[in-house]
Amino acid sequence: MFQTFRKWFWSERYWLPPTIKWSDLEDHDGLVFVKASHLYITIPYAFLLMVVRYFFEKFVATPLANALGIKKTQHKIKPNAILENFFKHSTSKPSHTDIYGLAKKCNLTERQVERWLRIRQKQNKPCRLQKFQESCWRFTFYLLITMAGAVFLYDKPWAYDLWEVWNDYPRQPLLPSQYWYYILEMSFYWSLVFSLSTDIKRKDFLAHVIHHLAAISLMSFSWCANYIRSGTLVMFIHDISDIWLESAKMFSYAGWKQTCNTLFFIFTVVFFISRFIIFPFWILYCTLILPLHYLEPFFSYIFLNLQLMILQGLHVYWGYFILKMLNRCIFTQNVQDVRSDNEEEEEEEEEEEAESTKGKETEYLKNGLGTNRHLIANGQHGR
């Protein structure tokens, strides 16, 4: 049964243009062609990247965060077995009846119980240091892979002449630079998938899962069908905007608000140029229109462009939130990240600390969230 499925899955009619056979893509005369087995190494490399990330966050990102004044927030409370048991088994916001009953059991005031539960909830939420570490790691990878991509592509004719993307397709040998560009990029996305359970949970969690899996699927498919030339162009224009996003988030967590806003505006410009001009009018034109001058439409051609259009749909999704943030910046005084992490704003944390020292709950209500024109309150995150 497995052999039957394997034969069906790798049928040439699904992957290659008519008249082309897998035997045409066998290595010969020192030329190496893509093989699906090349991608197996991306899984162990993904775990290796996770190890590198651990040491990077510990020995590079954390000292950098400390130098920028970002410290690990400590939320300390007195141990209380009754309240701890209630907290672990409660799935919703405690009602007034719950608070009243707990106060009686623990011989505490209702206000003390509410404050204990609120602080205990904060202990389970990521602090600014953890968010900075994540952004610093992503910024470093995107910066290095974009620089590598620029080096790999600058002397390639298909980077300047899109017709060269399809010249002699699919009999295009694999270059060492293309191999490492793909392997590192795919390994990174696998590492993001594997770390989803431990990374900071965000409101657009599902969109991130779809994005990561779509990226891996697109890269895997383009590799197996030998769409390497167009694939490297897609990866490069996607990585280049993420550098600015992650750097803006880093400065947001550090409290460098003017720098953060400047970087966010640069990110916005780069994002819309790369995702709404270059991608649809250059990349999609290259993959959707130009091949028809060489080949008749076939399955992998259709499937490739279907995946690229799904990717463009995600661009529209994230572009909507970016425009929404800019709209708040221009027309309102209170700017929040509409797709930020599921946690309170940093200003709210400061106000709660003031409440605990002064013992006045009304102080928190009066202060509110402030009117800071800060574009990325808790770090806009999206690809």
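Just so you know, glycine gets a Cβ as well, placed from its N, Cα and C.
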Annotation phosphoserine per Swiss-Prot: which of the candidates Ser23, Ser135, Ser340 has it?
Ser340
Long-range Cβ neighbours of the transmembrane segment (174-194) (under 8 Å; 6 or more residues past either end)
32-34, 38-39, 41-43, 45-50, 53, 141, 145, 148-149, 151-152, 209, 212-213, 215-216, 219-220, 223, 228, 231-232, 235, 239
The transmembrane segment (302-322) in contact with the transmembrane segment (205-225), cutoff 8 A, at least 3 CB pairs, sep 6+
yes
In the region 'Homeobox-like' (66-127), how many residues does DSSP call helix, how many strand, and how many coil?
36 helix, 0 strand, 26 coil
